[in-house]
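Enquirer: Right, I'll just put the structure down here and ask away after.
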């Protein structure tokens with residue numbers, strides 16, 4: 001067989017090593033630095049984005065806590081106002097009927113649940129006119 005001839009096998013091995021050595025040197029000298037630069041720049045971009053994300057998350061948490069405190073404060077103000085006006089009015093005005101007030105509050109709650117419920121409003125499918 002001519003492929004396994006001992007005379008030409010050494011030249012084939014020589015050219016094989018020579019071609020792969022040149023290919024290896026070309027890849028490591030020209031293309032590897034480009035690949036490393038792109039990997040380093042991607043890493044820097046990811047680090048910058050993660051720092052910005054952490055910063056935004058901390059700002060959002062601070063605003064959320066501030067909003068929560070403000071909401072609790074305002075709800076306690078509303079609660080105090082309702083206690084002062086509704087409960088104390090019962091003792092001041094004995095002519096005012098509490099079942100009538102309870103009925104009005106129940107109607108308002110039912111109307112709110114029926115017409116202002118987020119889940120029921122989201123279930124309504126609206127199609128644009130174009």
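Cβ coordinates are placed from backbone N, Cα and C, and glycine is handled just like the others.
Predicted automatically and left uncurated, TrEMBL annotations should be read as such.
As the structure is a computational prediction, the values presented were derived from the model and not from experiment.
Positions annotated as domain 'ATP synthase YMF19-like N-terminal' by TrEMBL: 2-75. According to TrEMBL, the feature transmembrane segment maps to 12-36.
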Enquirer: Using DSSP, how many residues of the domain 'ATP synthase YMF19-like N-terminal' (2-75) fall into helix, strand and coil, respectively?
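Expert: When I sort the residues of the domain 'ATP synthase YMF19-like N-terminal' (2-75) into the three classes, I find 67 helix, 0 strand, 7 coil.
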Enquirer: I'm checking region-level scores; what's the whole-number mean pLDDT for the domain 'ATP synthase YMF19-like N-terminal' (2-75)?
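Expert: Reported value for the domain 'ATP synthase YMF19-like N-terminal' (2-75) is a mean pLDDT of 91.
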